[in-house]
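Engineer: Let me begin by handing over the structure; questions about it come next.
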Amino acid sequence: MSHPPLPPQSERRALAIAQAVYEAFEDYHARFSEITARAKQRFETRDWSGAREDAVARIALYDQYIAECMLRLRAVLLGQAHDRALWMRARDHYAALLSGLIDQELYKTFYNTLTRRYFGTHGVDADIEFIALDIEPTDAITVPVARHTYAVSPGRLTDMLVRVLGDYAFAVPYTHRTRCAAAIAVRLLDDLAHWGEHPVRSVELLETVFYRERRAYLVGRVFGEHRFSPCVIALINDEAGLRAEAVLTRRSDVAQLFSNSRSYFQADLSTVGDAVVFLRSLLTHKPVDELYTMLGRAKQGKTERYRTFFSHFQAHPSEQLVHADGTPGMVMVVFTLPSYPLVFKLIRDRFAYPKTMSRAQVEGKYELVFQLDRIGRLLDAQPYRFLRFPKARFSPALLQELQTSCAMSLSEDGDDVLIALCYVQRRLRPLNLYLREQLPEAAHAAALDYGQAIKDMARNNIFPGDMLLKNFGITRHQRAVFYDYDELCLITECNFRDWPVPTTYEEQMAAEPWFHVGPRDVFPERFALFMGLPASQLEAVKHQHPELFDPRWWRDLQSRLREDDYPDTPPYAESRRLA
């Protein structure tokens, strides 16, 4: 909806605001692309440390360019930063500048971020923000994303794949391109044999290569006569050279590759919305917000998550927000809408003993997670500020606890409750509940994967701090994921010690340590006491992952990490690797 024109001088100022914001986003986008484009060279030169630095730098870009834009606007606003009529007209001019753009939603989110900084918006402000809770923006995108398409003649699949690898060339050669192509062909034919004779009729792959950690991915689809499946070819460049390492055709495997418990891809896409539309065809159950986020557009992911949640929230007016299942936390109050798979986490005003950290330290831990390689074991946690909920939508028990335990984060505005800061995560089944609910075989597998999760995190310089089962959840693909970050720290910051051997009867019977324990001291031999696993599952974890309880393993790993020697953690099962 357009607003009436302003007097000529104000109208010119509104147009200047729109142009300045548009140019600021263009500058941000160019810098984002510049960093992302470096991923190819990082992969070719095996510069994994540089790749990690780029990932952190790219996340920080958004707020940097918002701050820079606000500085630019000072000369335009001339003291009228809070003139609502001026911003309403600026929004109209800005919308006109975006006409026809595939990624106009990204531009709108940038604009909204600015107005919220200027006006301190609580909830949403439909007069000056771009708000569309009732539409799915990607539905309007009909332009196909850039891709390569390859037809396959009967018996010529390997030849076609040789051509594919040639089209995706790098500064380093494939160690044996034909052998790689043949291995990919064998895997495709094995995976798709149930499609009948000549199962692979064509393959299409996005022109843009996806990079993350130590791998490059060719992402696309494989078509049979009557159906299609995802097709992701994973490339690795290590001491043995550049080669294809895995092929993923199962949606569950590809979904895990795009899981929101992993770090964001580096994919230098000229436009993003059309790529999201394509990826949705591969991962039909993956929410749009997670796809934007996994492509590095975390702010747009937050916008889409807000849009879809509140659209659902408004469509279910009789459903109340309630405490999430699981053991109540000492640091957070966690609530959910039962029919929607998100949780909202608020920091308590005071923490129960033995928690000793401050509120600022907790916020710092959640910020730290964005800077880490999350390797499929740390759940994305997005901060939201000044969310507005009708007070009547909270269950009485939840509202009472929020008012008494989270007063610093809570305020009331008429019939609404405003939440100054909360962290929003995908809702998972807490591991302690899952183990009680499942049959022995499934519980055994989950316990072993819990041990593997701790090991995977450790190999990427992440120590969970609190290993209790309640701090882990199980995804729909039966993976153990850590989601409670108030005690998380880096492996390189810890002091892994042997548990001293008692020398007297009093020491042997002491309920507390009889020796000095520093704030960073960790005793792996005692982990079993703090995991909370039933005896049979604990023994299975000890048998499968004995190194977790060995201080020497942790110290050796710590030495490697301090030398920037990070062990490789593949994002798929060993069975998916090529012969």
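Don't overthink the numbers, they just go from 1 along the chain as shown.
Glycine too: its Cβ is placed from the backbone N, Cα and C atoms.
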Engineer: Just to be sure I read the record right: A324, D325, G326, T327, P328, G329, M330 are listed as binding ATP in Swiss-Prot. Which of K302, K345 is listed for the same site?
Structural biologist: K345
Engineer: Give the three-state DSSP assignment (helix, strand or coil) for K345 (ATP binding site).
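Structural biologist: Going by the DSSP assignment, K345 (ATP binding site) falls within a strand, counted as strand.
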Engineer: Given P328 (ATP binding site) and D380 (active site), what distance in Å do their CA atoms have, once rounded to a whole number?
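Structural biologist: Between the alpha carbons of P328 (ATP binding site) and D380 (active site) there are 20 Å.
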Engineer: Cβ-Cβ under 8 Å from D325 (ATP binding site), same chain, 6 or more residues apart: which ones?
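Structural biologist: Correct list: R429, P430, L433.
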Engineer: In this structure, which of the binding-site residues G326, P328, G329 has the fewest other Cβ atoms within 10 Å of its Cβ?
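Structural biologist: The binding-site residues G326, P328, G329 were compared, and P328 has the fewest Cβ atoms within 10 Å.
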Engineer: Calculate the distance in Å between the alpha carbons (Cα) of D380 (active site) and K345 (ATP binding site), and round it to a whole number.
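Structural biologist: D380 (active site) and K345 (ATP binding site) have their Cα atoms 13 Å apart.
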Engineer: How many angstrom lie between the most widely spaced Cα atoms of the ATP binders A324, D325, G326, T327, P328, G329, M330, K345?
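Structural biologist: In whole numbers, the farthest two Cα atoms are 15 Å apart.
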Engineer: Looking at Cβ-Cβ distances, which residues of the chain lie under 8 angstroms from T327 (ATP binding site) while being 6 or more apart from it?
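Structural biologist: Those within reach of T327 (ATP binding site), by Cβ under 8 Å and sequence separation of 6 or more, are P430, N432, K470.
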